[in-house]
Amino acid sequence: MKFILLWALLNLTVALAFNPDYTVSSTPPYLVYLKSDYLPCAGVLIHPLWVITAAHCNLPKLRVILGVTIPADSNEKHLQVIGYEKMIHHPHFSVTSIDHDIMLIKLKTEAELNDYVKLANLPYQTISENTMCSVSTWSYNVCDIYKEPDSLQTVNISVISKPQCRDAYKTYNITENMLCVGIVPGRRQPCKEVSAAPAICNGMLQGILSFADGCVLRADVGIYAKIFYYIPWIENVIQNN
């Protein structure tokens with residue numbers, strides 16, 4: 001229940017809008033759609049048996065769907081729907097904070113890797129400010145969050161400095177294990193998108209979205225879990241599970 005309450009706070013709806021200029025016709029092959037009985041999340045395939053997402057996506061009856069572009073289209077040809085064995089969130093994650101908002105999902109069976117389903121590369125070095133990143137997730141263009149999102153979109157935005165991020169989010173504690181990506185001041189138009197969008201920078205998965213006041217697909221500043229910081233934890237979980 002606490003996870004659902006946090007999720008509701010992260011997904012308060014205003015008017016909904018989307019930008020067709022950002023719509024893409026095919027899914028980044030690492031991108032995973034996590035469907036639940038509440039609201040969906042994005043995830044990233046990092047191993048044939050493991051998906052990484054935000055810890056606030058620990059939601060009821062989660063279903064892992066790979067190779068999907070439009071979730072509402074049941075006729076897509078390259079879907080893989082896989083059950084999960086367990087969800088492991090970071091031990092320091094708390095529902096009262098956006099810090100350590102990261103979780104691993106172990107699949108029941110290995111994903112079949114092909115042209116439409118591939119692994120994302122994990123980073124083994126950090127990145128500097130002004131690095132350009134590609135952020136992808138699904139967007140709603142109707143005022144009904146209980147329907148499936150209508151379009152998959154990608155936007156290219158850059159990493160900003162910690163001082164800029166702290167200025168954008170004065171009431172949040174921006175720690176060294178967070179990454180901020182977007183344009184300041186942002187909040188240019190209302191929107192609604194699927195949470196936990198990944199940030200791919202220089203071909204590496206550098207961030208998983210924890211929170212944004214607005215929408216990252218509109219280049220509003222998002223606060224991401226910095227994946228590089230969590231590499232030891234990720235490797236340990238996969239090795240021991």
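Just so it is clear, glycine is given a Cβ too, placed from its N, Cα and C backbone atoms.
Now, the feature entries from Swiss-Prot:
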- 1-17: signal peptide (SIGNAL)
- 18-239: domain 'Peptidase S1' (DOMAIN)
- Cys41-Cys57: disulfide bond (DISULFID)
- His56: active site, charge relay system (ACT_SITE)
- Asp101: active site, charge relay system (ACT_SITE)
- Cys133-Cys201: disulfide bond (DISULFID)
- Asn156: N-linked glycosylation site (CARBOHYD)
- Cys165-Cys180: disulfide bond (DISULFID)
- Asn173: N-linked glycosylation site (CARBOHYD)
- Cys191-Cys215: disulfide bond (DISULFID)
- Ser195: active site, charge relay system (ACT_SITE)
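Neighbour counts were taken at the CB atom with a 10 A radius for the recorded positions Asn156, Asn173, Ser195; the maximum falls on Ser195. Of Asn156, Cys165, Asn173, all annotated as recorded positions, the residue with the shortest Cα distance to Cys57 (disulfide bond) is Asn173. Reduced to three states, the DSSP call for His56 (active site, charge relay system) is helix. Considering only the recorded positions Cys133, Asn156, Asn173, Cys191 (disulfide bond) has Asn156 as its nearest partner by CA-CA distance.
Cys165 (disulfide bond) carries a helical DSSP state (H, G or I). Here the candidates are the disulfide-bonded residues Cys165, Cys180, Cys215, and by Cα distance the one nearest Cys41 (disulfide bond) turns out to be Cys215. The two recorded residues, Cys201 (disulfide bond) and His56 (active site, charge relay system), show a Cα separation of 23 Å. Counting every protein chain shown, the number of other Cβ atoms lying within 10 Å of the Cβ of Cys133 (disulfide bond) is 23. For Ser195 (active site, charge relay system), the recorded positions whose C-alpha atoms fall inside a 10 Å radius of its own C-alpha are His56, out of His56, Asn156, Cys165, Asn173, Cys180. According to DSSP, Cys191 (disulfide bond) is assigned to coil rather than to any helix or strand. Proximity to Asn156 (N-linked glycosylation site), judged by a C-alpha distance within 10 Å, picks out Cys133 from the recorded positions His56, Cys133, Cys165, Asn173, Cys180, Cys215. Distance from the CA of Cys165 (disulfide bond) to the CA of Cys133 (disulfide bond) is 16 Å. Around the Cβ of Cys180 (disulfide bond), the same chain contributes Val159, Ile160, Ser161, Lys162, Gln164, Cys165, Ala168, Ile174, Val221, Gly222, Ile223, Tyr224, each under 8 angstroms and 6 or more positions distant in sequence.
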